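S.K.: The following feature annotations were taken from Swiss-Prot:
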BINDING   Thr7, Ser8, Asn9, Leu10, Asp11, Lys12, Ser75, Phe165, Gly166, Tyr167, Asp168, Lys188, His193, Arg194  substrate binding site
BINDING   Asp74  Mg(2+) binding site
ACT_SITE  Asp74  active site, proton acceptor
Amino acid sequence: MKIVLATSNLDKVKEIKEFLKGYEIYALSEVVKPFEIVEDGSTFQANALIKSRAVFAKLKELGLEDEFVSLSDDSGISVDALGGEPGIYSARYFDLDENGKVCGKNANDANNRAKLISKLKALNLKSSPAHYTACIAISSKFGDYTAHGFMYGEAIDEERGTNGFGYDALFIPNGFNKTLGELDNETKLKISHRSKGLELANFVLKSLKKNFS
């Protein structure tokens, strides 16, 4: 059984490969031609399933459903003081207008972080309770499966550290005085929302692996 990841995010690919050792794992571009997936779900779970199902459909078109499963991750940060923003729009936060609609495709890690900082500062806050959510979805010839992982802490109004991506430099996990951007990879791998979700998803993968010839 081989796994193709339903993402073009190289940072996510690296992190997932580090956790799921012992599997033959491929980035999306290594198996199928890149194609656009419209993530129009209202939850992390819905969007994760949209991605894993879309990729598995491509695998079926190529006659690879007996060889591969698809695995996707949909994750994001929710800040209490911002009413749960950016949430499922974490990767597209800069492009999110005041009416909750995504306009344009200009969002990147840097301007997403800058927007979150400006939102906190507008409320005269230096920090707010926040949490990360990760939903891992697996699609296979046997069906679809999901698992969730969470990490709690606080979002702050200044960037600290350069080790990581996304909002890592703005998030201090509970029990630590450093941001994810300041922590080493080994520590992050132990506590991250994605790792917790992958730990549960690994039970599914082990079970599926037994059913592949």
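Cβ atoms are placed via backbone N, Cα and C, with glycine included.
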S.K.: Among Asp11, Asp74, Asp168, all listed as binding-site residues, which has the most CB atoms within 10 Å of its CB?
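M.R.: Buried the deepest by this measure is Asp74.
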S.K.: Listed substrate-binding residues Thr7, Ser8, Asn9, Leu10, Asp11, Lys12, Ser75, Phe165, Gly166, Tyr167, Asp168, Lys188, His193, Arg194 - what's their greatest C-alpha to C-alpha distance in Å?
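M.R.: 21 Å is the greatest Cα spacing among the residues binding substrate.
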S.K.: Distance between Thr7 (substrate binding site) and Asp74 (Mg(2+) binding site) at the Cα atoms, whole Å?
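M.R.: Cα-Cα, rounded: 10 Å.
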S.K.: Name the residue among the binding-site residues Thr7, Asn9, Ser75 whose Cβ has the smallest number of other Cβ atoms within 10 Å.
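M.R.: Comparing Cβ neighbours within 10 Å for the binding-site residues Thr7, Asn9, Ser75, Asn9 has the fewest.
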S.K.: Per DSSP, to which secondary structure element type does Asp11 (substrate binding site) belong, with helix, strand and coil as the options?
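M.R.: In three-state terms, Asp11 (substrate binding site) counts as helix.
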S.K.: Cβ-Cβ under 8 Å from His193 (substrate binding site), same chain, 6 or more residues apart: which ones?
M.R.: Ser75, His131, Tyr132, Thr133, Ala134, Gly149, Phe150, Met151
S.K.: Using C-alpha atoms only, work out the spacing between Asp11 (substrate binding site) and Asp74 (Mg(2+) binding site) and round it to an integer in Å.
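M.R.: So the Cα of Asp74 (Mg(2+) binding site) lies 13 Å away from that of Asp11 (substrate binding site).
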S.K.: Among all the protein chains here, how many other CB atoms are within 10 A of the CB of Gly166 (substrate binding site)?
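M.R.: The answer is 21.
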S.K.: Going by DSSP, is His193 (substrate binding site) part of a helix, a strand, or coil?
M.R.: helix
